[in-house]
Amino acid sequence: MKTSFGLLALAAAAKLVNAHATVFAVWINDEDQGLGNTADGYIRSPPNNSPVTDVTSKDMTCNVNGATAAAKTLDVKAGDKITFEWHHNSRDASDDIIASSHLGPVMVYMAPTEKGSAGSGWVKIAEDGYSNGKWAVDTLIANRGKHSITVPDVPAGEYLFRPEIIALHEGNREGGAQLYMECVQVKVTSDGSKTLPEGVSIPGTYTATDPGILFDIYNSFDSYPIPGPAVWDGSSSGSSSGSSKTTAAAPAATSAASASSTKAPATTAAPVQTESAKPATSTTQAAAPTTLVTSAKPTATATAGAGDSGSGSCSATAPATGVVKMYAQCGGMNYSGSTTCESGLTCKQWNPYYHQCVKA
């Protein structure tokens, strides 16, 4: 696939502050369970929609505050269709779900509640990556934030579902990938025979230099290696996009120092909303509900760049002499091509790694 790095950079810059996402709700067999990211909900929701960027952080398990149980637990059974509903700001029809520049895979893990809360026992039950020129995030946006799996035939008990997005618009540098995840509390009421395998630790299953974490979407590539373990062969889960995992080598990425903060700046506090309709599926009340912090709305500061922190880069090979055409690279760290743009254009610095010829 030939990727136009210039257009991707512009798209990323345009979406600078219109970017992040969290899971707002869950559907069971196409029945809306109501908002789950409220203080009395069933999702272990973070205080805002900022991503996790340090794959060794304990926040990788269920995001910030993820060790605290939610107030409710959804009752499900083997074979049920579970749909996770992602959003940027709200469930309104105008919501953009997640920035279209935030390309990457969508996955779902599952673990027994006690083990999963402690960061162990996580089993991947679904994954979508890159296939036929389309990313899983493209499909997620097209489906209005919805991504579905099927409940495996596991023994009865309480479990956590962990949907995850990895946004790779800054994945060309170490520490640049942005990970979004929450944990949804469920109680499996059917009593199946497919015991979950030992699973992996989260954090622990990813490293900052994994080919699917350190991945340059601005270079030409034909395939993408989804990080983490393989999908459990005892899972009945499929995925809504049908993308598959591949072991092809990732395109070359630029190595840079990791960001000083393990979390990218918050853009919007995760809103607490009220839901008048009662969920169609019964829920189990937890002993101590948690409070979703929304009193302070973080302020987003827009800075020029090809990604949220202004540090994304686009790699290209260009002649050292001559003039550079519109939207082509004209400068930046490790760039050795011409820095002279065609007449009527100027070489604009989007970030230290990428300068581009645009209209003056």
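Yeah, the Cβs are placed from backbone N, Cα and C, and that goes for glycine too.
Keep in mind that this is a model prediction, so the values were computed, not measured.
Feature annotation from Swiss-Prot assigns signal peptide to 1-19.
In the three-state DSSP scheme, Y180 (Cu(2+) binding site) is classed as strand. Same-chain residues at least 6 positions away in sequence with a Cβ under 8 Å from that of Y180 (Cu(2+) binding site) are, in sequence order, H20, A21, T22, N49, P51, V52, N63, W86, I98, E164, I165, I166, A167. Look at Swiss-Prot and you will find H20, H102, Y180 tagged as Cu(2+) binding site.
Marked as disulfide bond by Swiss-Prot: C62-C183. In the three-state DSSP scheme, C62 (disulfide bond) is classed as coil.
Taken from Swiss-Prot, the feature O2 binding site covers H169, and the record attributes it to similarity to another entry.
What Swiss-Prot lists as region 'Disordered' is 254-293.
Residue counts for the domain 'CBM1' (322-358) by DSSP state, with H, G and I taken as helix and E and B as strand, are 0 helix, 17 strand, 20 coil. Annotation comment: Swiss-Prot describes 322-358 as domain 'CBM1', evidence class sequence analysis.
Positions annotated as N-linked glycosylation site by Swiss-Prot, on the basis of sequence analysis: N334.
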Please report the Cα separation of C62 (disulfide bond) and H169 (O2 binding site) in Å, rounded to an integer.
22
Looking only at C-alpha atoms, tell me how far C183 (disulfide bond) is from N334 (N-linked glycosylation site), rounded to the nearest Å.
40
Nearest-integer angstrom distance between the alpha carbons (Cα) of N334 (N-linked glycosylation site) and H102 (Cu(2+) binding site):
24
Would you count the other CB atoms within 10 A of the CB of C62 (disulfide bond), including those on all shown protein chains?
27
For H102 (Cu(2+) binding site) and H169 (O2 binding site), determine the Cα separation and express it in whole Å.
5
